[in-house]
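Annotated in TrEMBL:
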COMPBIAS  177-187  compositional bias 'Basic and acidic residues'
COMPBIAS  194-208  compositional bias 'Low complexity'
REGION    1-23  region 'Disordered'
REGION    151-213  region 'Disordered'
REPEAT    81-133  repeat 'RCC1'
REPEAT    190-243  repeat 'RCC1'
REPEAT    246-325  repeat 'RCC1'
REPEAT    326-377  repeat 'RCC1'
REPEAT    378-431  repeat 'RCC1'
Amino acid sequence: MNGGGGEGGEEMEEDGKERTGEEVKEKVVLMWGYLPGVSPQRSPLLHPAPVRLPDSSSSGDTWRDVCGGGCGFAMALSETGKLLTWGSVDDMGQSYVTSGKHEETPEAFPLPSNIRIVEADAGWAHCAAVTDRGEVYTWGWKECVPTGKIVSDQSSAGTSERDIDQVSPRTQVPRSGENRGAADEATKRRKVASSSSSKHGSESSTSSDETLSAPPCLVTFNTGVRIVTVAAGGRHTLALSASDLGQVWGWGYGGEGQLGLGSRIRTVSSPHPIPCIESAFYGKDRASSMRTNNRSSEGAVSKVTGTCVKAIACGGRHSAVVTDSGALLTFGWGLYGQCGQGSTDDMLSPTCVQSILGVKMRGIAAGLWHTVCTSVDGDVYSFGGNQFGQLGTGSDQAETVPKLVEASCLESRNARAVSCGARHSAMITEINREKDMTVWTSFKLLLSISCFVMRMVWCSVGGGTSTDSLAWVMQLIGTFLLKYKLIPTSH
């Protein structure tokens, strides 16, 4: 899923290795779980195993980052900007085609040779990748891929592209015979583009899946739009731009409202702006608009204060974003409470999660039925489906509003990055030195009080201490040490 970068202290040299002071760190990618293409028996990998870069990679190339893989295949980035895929097999249908038909050995996905991929994500059977120039390439399941500039030849000899008409959301739900005809014509053009660019011709095992799969497409946005990150859901995609005040764009399937357009539009085949921030905020009176719109009206769709969106996430059929003011907005499928609105209703428009409006959020991730977010203070909140314990709350009970995760392992630690799989969650934490200092300061105060009590007892009994008083002091100190895990507990 989404990955987070480190802060300070690390420097990346031209050879692709991390250097911290005089120490040189070479990155290693590990894999485990179910990747059928890496095991002859297709058995799950029960322990982390190293992944080897392909022999065909350029000299000196190293791993850069890992990405959210798709259903049955993995993805990672190299320092030279290649997107490497592996782990699928030829009978996995749509997933096999989307992975580039790469099995045991990681291989560079056939994208134009003159681009550098800096981030990527995958849904059930589609992928999206961002280049260092702010462009987006996407491929896979046809309804997830917008029409536009199709990459029809990905060979090393060169890359040719041709324009395909884009269809607006309005024509995706035809109201008349004219609109229906336009949509049908666009569908025909996409089928022709897909069939003419199949990499392996008419292989019997995957030919039917290839007709449902679109080749890599350079997504067409408005002039000047530069994308910084993407998120792939089950059958929809969000993109966040930096060039137009953190605008969120969406396309793909939107039947449960996961595209945030205010309706159950089934297919949006071109990037469409999602109204996460009030349109008034983009005018000349933005500051005054923000002041007057800080409080949402009761009974109306909640809109958020802030100037732009800073983070995005896609779940199976829902979406979530965080603004620069730390507000959390959700929209889409709500059957398990994954929108955090206190109900199981679908949210057709971006809606502020009111119950944590006083907490400034920073990170966000979404799974198939659940959502996890982190605050600027390092706390973790989760909500939605919990059949497999993916919320981390200590039970399997679903939560329809965000619940603070209070696991003992998080004491004196801050959440740094969070990620969600379909039915699991993961995070990176770091030591909170301020909390540690508070613990030790409290311990010193406790010792001072204990010494004072013992001194008073000593004086009151004429130079001796009672057994009961000494036992009370020792119990008080022991309770403190156990609470903050300063001494090991016995089992």
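Here, residue 1 is simply the first one shown, and the rest follow in order.
Cβ coordinates come from backbone N, Cα and C, glycine included.
Here the structure is a predicted model, which means the values were calculated and not measured.
The average pLDDT for the repeat 'RCC1' (81-133) in the predicted structure is 90. Across the repeat 'RCC1' (81-133), DSSP helix (H, G, I), strand (E, B) and coil residues number 5 helix, 18 strand, 30 coil.
Across the repeat 'RCC1' (378-431), DSSP assigns 3 helix, 26 strand, 25 coil. Taken residue by residue, the repeat 'RCC1' (326-377) breaks down under DSSP into 3 helix, 23 strand, 26 coil.
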